[in-house]
Amino acid sequence: MKIAILPGDGIGPEIIEQAVKVLNTLGESFEMESAPVGGAGYAAHGHPLPEATLKLAQEADAVLFGAVGDWKYDTLERSLRPEQAILGLRKNLGLFANLRPAILYPELAGASTLKPEVVSGLDILIIRELTGDIYFGQPRGVREAPDGPFKGQREGFDTMRYAEGEIRRIAHVAFQAAQKRDKRLTSVDKANVLETFQFWKDIVTDVHKEYPDVALDHMYVDNAAMQLVRAPKKFDVMVTGNMFGDILSDAAAMLTGSIGMLPSASLDANNKGLYEPSHGSAPDIAGKGVANPLATILSAAMMLRYSLGKAEQADRIENAVKKVLAQGLRTPDIYEAGTTKVGTAEMGEAVVKALG
Ligand code: NAI
Ligand code: MG
């Protein structure tokens, strides 16, 4: 199995190095090949997504991505900015399903802004459709309003749309993910107001017939936002469109209070995927050896589970992470009095050791 390793810029190379160490400890014979992306791609080849990097990502069975977006490249024109690399990879690899777990380890319950009893032990998975919805729908633009009380004035407009096949494929990903967990799925929509999301609800309900072992319920997005803050632990897997998912997944991430702990996956129709921490390139701490590598290590675990068919190895990594947290090891972003402050490499080493 071939894994494309794309460290990126900023803290990307530091955190990826730890994840690679962990993968090398598993005793599997992965072929890992790395290539520059983002600011590193621009520095090496004059483009954030060099051709050879894209080719490597296309040929690999999975992609492990660090982060991109160092401030150094802020003055470049938009098409050369590091962030274009991630958009280009999503588009070229057809990554339409974004899986964002929000897990709050009991040891870190103090990091959340919510009461420990509301969030301690939280373990939910939000699945966001990533390539459709109002973010990509045409037509869009600014025009002269054709009707209504503001007729004749300038107006901005976008188009929300979802094709049946687009909804079906994300629904399949969601039901299958639910089968690997607690067999409960909540589909989030706004069917009471939006035609697109009444259609979404109908299609998800239809796909459900193929997954009778999963319990499905539907929830309006405004209520879902309330419940996420009120009683987040009652969810297991949530699936929703691009825009609602953008907002709900960021809100859910913040329930855990620690951006350095959250992995993510973006999958295509064949479970090939790109795996990356939910955070960015953290230019403020890049090169200091203090970045938390756990989100990236946990992303590698997701890669083993969802793309490489190695669920037991994913469990091993996740258990090793729990073990180092139980040992009291903390990078500065999750440090609390009474625990032991460690740097990026020490944290990576500790996970390697905990793998036994
Ligand atoms: P960020 O996630 O890079 O950083 C936000 C804050 O969290 C910073 O204070 C940072 O030091 C801290 N942080 C992030 N990851 C951490 C880790 N592993 N350990 C400890 N602390 C950590 O978000 P920000 O500052 O908004 O963006 C910085 C750059 O990253 C921007 O250029 C942005 O476009 C890019 N970005 C890239 C993403 C990607 O590569 N997929 C995703 C989000 C942002
Ligand atoms: Mg967002």
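Yeah, the Cβs are placed from backbone N, Cα and C, and that goes for glycine too.
Confidence over the domain 'Isopropylmalate dehydrogenase-like' (2-351), given as mean pLDDT on the 0 to 100 scale, stands at 95. Annotation source TrEMBL lists domain 'Isopropylmalate dehydrogenase-like' at 2-351.
Other C-beta atoms found within 10 angstroms of the C-beta of Asp222 (substrate binding site) number 13, with every protein chain shown included. The substrate binding site annotation in TrEMBL covers Arg90, Arg100, Arg128, Asp222.
For Tyr135 (site 'Important for catalysis'), the same-chain residues that are 6 or more apart in sequence and have a Cβ closer than 8 Å to its Cβ are Asn242, Met243, Asp246. The site 'Important for catalysis' annotation in TrEMBL covers Tyr135 (among others).
TrEMBL lists Lys190 (among others) with the feature site 'Important for catalysis'. Sequence-distant neighbours of Lys190 (site 'Important for catalysis') (same chain, 6+ apart, CB under 8 A from its CB) are Phe197, Tyr220, Val221, Asp222, Phe244.
What TrEMBL lists as Mg(2+) binding site is Asp222, Asp246, Asp250. Secondary structure at Asp246 (Mg(2+) binding site), as computed by DSSP, is helix.
According to DSSP, Asn292 (NAD(+) binding site) is assigned to coil rather than to any helix or strand. Residues annotated as NAD(+) binding site in TrEMBL: Gly280, Ser281, Ala282, Pro283, Asp284, Ile285, Ala286, Gly287, Lys288, Gly289, Val290, Ala291, Asn292.
A Cβ distance below 6 Å to any atom of ligand 1 is met, among the recorded positions Arg90, Arg128, Tyr135, Ala282, Asp284, Val290, by Ala282, Asp284. Among the recorded positions Tyr135, Asp284, Val290, Asn292, no residue has its Cβ under 6 Å from any atom of ligand 2. Annotated pair Gly280 (NAD(+) binding site) and Asp250 (Mg(2+) binding site), C-alpha to C-alpha distance, rounded: 13 Å. Here is what falls inside 10 Å of the CA of Arg100 (substrate binding site) among the binding-site residues Asp250, Ala286, Lys288, Val290: Asp250. Annotation: no binding-site residues among Asp250, Ala282, Asp284, Ala286, Val290, Asn292 have CA atoms within 10 angstroms of the CA of Arg90 (substrate binding site).
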